[in-house]
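As given in Swiss-Prot:
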SIGNAL    1-22  signal peptide
DOMAIN    28-615  domain 'Peptidase M2'
DISULFID  Cys142-Cys150  disulfide bond
DISULFID  Cys344-Cys362  disulfide bond
ACT_SITE  His505  active site, proton donor
DISULFID  Cys530-Cys548  disulfide bond
Amino acid sequence: MGACNITVLLLVIMLWLPHGLSMGNSCSASVLEARRFFELENEQLRRRFHEEFLSGYNYNTNVTEANRQAMIEVYARNAELNKRLAQQIKSSDYVQSEDADIRRQAEHLSKLGASALNADDYLALQNAISSMQTNYATATVCSYTNRSDCSLTLEPHIQERLSHSRDPAELAWYWREWHDKSGTPMRQNFAEYVRLTRKASQLNGHRSYADYWVQFYEDPDFERQLDATFKQLLPFYRQLHGYVRFRLRQHYGPDVMPAEGNIPISLLGNMWGQSWNELLDLFTPYPEKPFVDVKAEMEKQGYTVQKLFELGDQFFQSLGMRALPPSFWNLSVLTRPDDRHVVCHASAWDFYQDSDVRIKMCTEVDSHYFYVVHHELGHIQYYLQYEQQPAVYRGAPNPGFHEAVGDVIALSVMSAKHLKAIGLIENGRLDEKSRINQLFKQALSKIVFLPFGYAVDKYRYAVFRNELDESQWNCGFWQMRSEFGGVEPPVFRTEKDFDPPAKYHIDADVEYLRYFAAHIFQFQFHKALCRKAGQYAPNNSRLTLDNCDIFGSKAAGRSLSQFLSKGNSRHWKEVLEEFTGETEMDPAALLEYFEPLYQWLKQENSRLGVPLGWGPTDKIPSDCCGTFST
């Protein structure tokens, strides 16, 4: 799940979020003077962003202490300039301007974020964050079969074993090794990060860093909407969770997987349990209807990493959207280098100059990376579409929008109709059993992710708001993972352990509810684009959301381009309404997409007598803390 220029998001988020330009009709001298002021300041801001992202990219693609220090120096220097700009705006009357665009720019440029800290505190914060990132990027673990070989990295070595091993002891070994190496040593850095972000938030007039993050959604009710949305989706997740637990018990036996309770994360094929589709062979509803092995077909046809990106580029061009510029191909890092450490977590980068956009990821040729490539190219297309906006508006009006754009393209790309069109499968229309299999496969990532995405920031909100004592930081994390998602660590964890930093986004200070929101918005976007493309009609069995492919639709492309080009210049509800006809985050489209599978799960679980739900985990001390139910 790549984020936009994730590594330097802490600095950028304080200035970067709301975007757009609606100049109004006023021509008063004060308005003209303000417009000139913001025109000049946006150019300076653009140059600072270029410098920041360049230093961040250099560090991410060559993780050395020298590059880390160089990046921090750039951040610190520009933080002082950002602080001066914010103070200048606050001392003016721009926030009360008669011109709506001036007010919007003034409001967002006066949000300082971490730059509000004094120079020493700012450097300490950046050191804490970058130290966590460095540890994550360089952590290695010992092999289960050869304990003297301690050179295994998360990608590809550990993930390959989590995906393919069916030995519970081996899976638990790699889970514990990774968390012990990438998480526990970072507790002091995380505590420093919490202390300093709390201080920065108070200097910005917020009670906590959680409230600072929430305000970027420009809706005082948005947190409540997230809670309500999660509750709407929980019945579907409970059916899926119960079915998977039942099938795991069939495979591993009752000693490894009891009939009820939480599922050990190590059995789910992903380090964090945020996606379970690597274990599809254990869960497939109709195994006599085998899935097409897209990876095998890619290998047969000689696919390369370059080919994956070319296909993504062609998809956007087929919509009449922008082609990738030559600099993308020359300057991106698309595979893992052999001669240096890199942060392999996929991310897309906007350098705020001359359409310079890049991707950094350790790509391999398989169906997972086929999806990730399109996701990251969605970020890239967003950058290209709004690059004409002033720097303050070069971003998404809702943090969830940026993450949703790549995913909405991937929904078309991974459809049977599209896979047939590009020659990876022979049949572009699935029979009912194959359709259930396909929806099930998608649910193992799209639906399974929701409790994880929800818990990551519910946990950090509790930490930031001091609702969770520092003596309970680790057990509180696992209590939330259990309570919201019914998963648990494979081994007992105490406060001597510290597992949250074993996830990249926590190390990198990336607000995470954007991914939860994106998983809802992408289906709203998908439905709107499928209508534009003539690929969807309600109650039409031949034009369903789950087999819609907008490839080649100029009408869909125009609609998407108009939506993206506004950047953050206007409130997200306004641009969402123009794009989809809706004004709120609404899971109805997601539930419609998966409705056939939901009905199948309810019937199958009832037939099999599958128990649903779970109780508290027993893998943490029993006196940890109270429940967190929303």
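Every residue number used here counts from 1 along the chain in the order it is shown.
Note: Cβ is positioned from N, Cα and C throughout, glycine not excepted.
When each of the disulfide-bonded residues Cys142, Cys150, Cys362, Cys530, Cys548 is scored by how many other Cβ atoms sit within 10 Å of its Cβ, Cys150 comes out lowest. Cα of Cys548 (disulfide bond) to Cα of Cys362 (disulfide bond): a span of 29 Å. Around the Cβ of the residue listed as 'active site, proton donor', 21 further Cβ atoms fall within 10 Å across all displayed protein chains. Among the disulfide-bonded residues Cys142, Cys344, Cys530, the residue whose Cα lies closest in space to that of His505 (active site, proton donor) is Cys344. Residue pair Cys530 (disulfide bond) / Cys142 (disulfide bond) shows a Cα separation of 48 Å. According to DSSP, Cys530 (disulfide bond) is assigned to a helical segment. Taking the C-alpha positions, the distance from Cys150 (disulfide bond) to Cys344 (disulfide bond) comes to 19 Å. The Cβ of Cys344 (disulfide bond) has Ala137, Thr153, Leu154, Glu155, Arg336, Met361, Cys362 as same-chain neighbours under 8 Å, each 6 or more residues away in sequence. Averaged across the domain 'Peptidase M2' (28-615), the predicted model reaches a pLDDT of 96.
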